[in-house]
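Feature list (source: TrEMBL):
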type     : residues : note
TRANSMEM : 6-23     : transmembrane segment
TRANSMEM : 91-110   : transmembrane segment
TRANSMEM : 122-141  : transmembrane segment
TRANSMEM : 153-174  : transmembrane segment
TRANSMEM : 186-203  : transmembrane segment
Amino acid sequence: MGSLVGHVLPGFAFLVLGLWHLFNNIKRFCLHPNTFTSSPWFPISKLRHLELYLIMFSSSASISMELFIGPRRHHPFDSDGTIPSNHLRNFEHSSISISFLVYAVFALILDQAQPRATASEGLTLLAAAAAFTQQLLLFHFHSTDHMGYEGQYHLILQLIIFVSLLTTLMGIAFPKSFFDSVARSSSIAFQGVWLIVMGFMLYTPSLIPKGCSIHDERRHLVVKCATEEALHRAKSLVEYSSLTMNNQTEQDDEEQQHFELKSTNEKTSFVQMGKLVGHGQRL
């Protein structure tokens, strides 16, 4: 993950998954506003488990890239069988992918055992919460610099992951909450957006803040700032970019809620008009 591609590809996967969940939650609420129930994943008519298969494939590809394809020796161990310090990040990133792989396998097994059962959906959400917990802990105790420019990006990413974890746990207690479903889907999509932003901002030399530069430390690219003033300025730019994106997300959510309310009112008015026409014909 310690590269432009290593951030953009997982970010794109999270973004697509979050938008897919957001689309299906809004669609389900518009069609059945009174009986709406969220779902941890959404089947497709011809390929019911396609979403879970894609999560398995993406997680497996990430694990292979981190542990076998990316390392120079095509394995993460040293000559004496120990783990070198420059490969600790590989194990941390692959552990996150393993947690989502286990979630997808667990969700598939539960659905095959009890399809569309409320209990199985609750257990699936619990497995997703466990995956987000693993992700949050690993990013919190990440072996990269927590105080520098990159650490500021990881701090904001942890906040987004915490929202995903919290809304997933709330989904177990409130499965009919449309607000919780939208918040969970949006946080997953925003994880993807932030990972993509991190990829470009951390590994594109022209986008590095003034006074900072990219250094190669044990085959890992790290952004370091020359002075304390440059570091504070770089951190402020990270916070500003996150606030700008949050404001844009809030505006999008307000527009979506306005559209949903409008569509619900239109459906109600059409039903009332139909009843009036039918009553007039009987008279």
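Yeah, the Cβs are placed from backbone N, Cα and C, and that goes for glycine too.
Keep in mind that this is a model prediction, so the values were computed, not measured.
Between the transmembrane segment (153-174) and the stretches 6-23, 91-110, 186-203, the greatest number of Cβ pairs separated by less than 8 Å involves 186-203. If one looks beyond the transmembrane segment (6-23) by at least 6 residues along the same chain, the residues whose Cβ comes under 8 Å of a Cβ in the stretch are 41-42, 51, 55, 58, 62, 65, 93, 181-182, 184-200, 202-203.
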